[in-house]
Amino acid sequence: MFACDELLLNASTIDATGLQLSNQAIVIRKGRIEWCGSEDQLPAHFQESAKSRKDCHGQLITPGLIDCHTHLVYAGHRAAEFRLKLQGVSYADIAKSGGGILSTVQMTRDASEEELVDQSLPRLLALKNEGVTTVEIKSGYGLDLQNELKMLRVARQLGEVAGIRVKTTFLGAHAVGPEFKGNSQAYVDFLCNEMLPAAKNMDLVDAVDVFCESIAFSIRQAEQIFQAAKDLNLPIKCHAEQLSNMGASSLAARYGALSCDHLEFLDENGALNMVKANTVAVLLPGAFYFLKEKQKPPVDLLRQVGVGMAIATDSNPGSSPTTSLLLMMSMACQFFSMSIPEVLSAVTYQASRALGMEKDIGSIEAGKIADLVLWSIKDSAALCYYFAYPLPHQTMVAGEWVS
């Protein structure tokens, strides 16, 4: 009979739906969960063979948290724009004066890879400090071949330096590259024919995203990009129905999207198509708050038809300058009227589904990677009750406790 590496006893945990369980035991072996369940059903040989035991004293253990939608690789900031917005200056006027997303594009292009790592690493470490063990990072502030690849390389490097799992998403279709101003179709053609294949060939991309909106890319252009991704066997995601209902969610679902994100203007048809495709709804309360949006995502509709809901930070310099997934959890309860179990599932199991990783992470189940967080609380509601607190007591990544 083999020995287990770690035995966690007398823990409270949550299941994949976010419901709390008491008196639980977790057996860790070779970086994975070997066994988990009620402590009174723990096989005796695990008790006898464990190399290390930890009595959790009823404290909560969750899966490692997952931030499944971020843009945290970028240079500079847009605090000066925030000051202007508070003075009543419109986004259109800010953009005309050289601000907006293209200002971040310019600063990101001007930064070296080393500078991008130096500026972005603190944001990733802030997430890690809150018990996040997997982070999705999008490109989208390069908008040309050289700089999109640079961003993706930096994202990969950040995961290695920070010691947590990073999944990369190619978001060249975030805005039209400035060199293609006035000719968005030429940019989309270049993206599909040159940029995306290069990222794939260099093994820098895990998924492909498109911002489908009247101010960004059309339904036809989004479909062209989705087809290019499909031809390269890359899964897709979509910034969909954030500012209007364009039918992007239905299109993305037709291509088997892992997730559709934002979704403030999602309708029933789009939601039903997402259910059929097992597409997750990623809700982003940070952007809702920072942009002072009035239209909430239709949580009741998503709940009614059975669309899984994830929560993420949307960490970015323009519309959600945050690195606190814990704060987003509280906001999801308060702004979107999500229940505590829904929110706990949203940053664990549902977030893993949004990355196509539910077979390996996102829940405490035998066979899954041992990404776990031990909290200094006993009631899971406290994770949503507090604002960005408490911080983890200990975090485990692939079976190893990390600092």
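Keep in mind that glycine also has a Cβ here, set from the backbone N, Cα and C atoms.
Record note: Swiss-Prot gives H69, H71, D314 as Zn(2+)-binding, and the candidate from H45, H239 in that site is H239.
When the candidates R78, R83, R353 are compared with the 4-imidazolone-5-propanoate site entry in Swiss-Prot, which names Y141, H174, Q242, S319, the shared residue is R78. Distance from the CA of H71 (Zn(2+) binding site) to the CA of Y141 (4-imidazolone-5-propanoate binding site) is 9 Å.
Note on proximity: of the binding-site residues R78, H174, N316, G318, S319, the one nearest H69 (Zn(2+) binding site) is N316, by Cα distance. Here 4-imidazolone-5-propanoate is bound by R78, Y141, H174, Q242, S319 per the record. The longest Cα to Cα distance in that group is 21 Å. In sequence order, E213, H262, L263, E264, F265, A287 are the residues near Q242 (4-imidazolone-5-propanoate binding site), counting only same-chain partners six or more apart with C-beta under 8 A.
A separation of roughly 5 Å, to the nearest angstrom, links the Cα atoms of H71 (Zn(2+) binding site) and N316 (N-formimidoyl-L-glutamate binding site).
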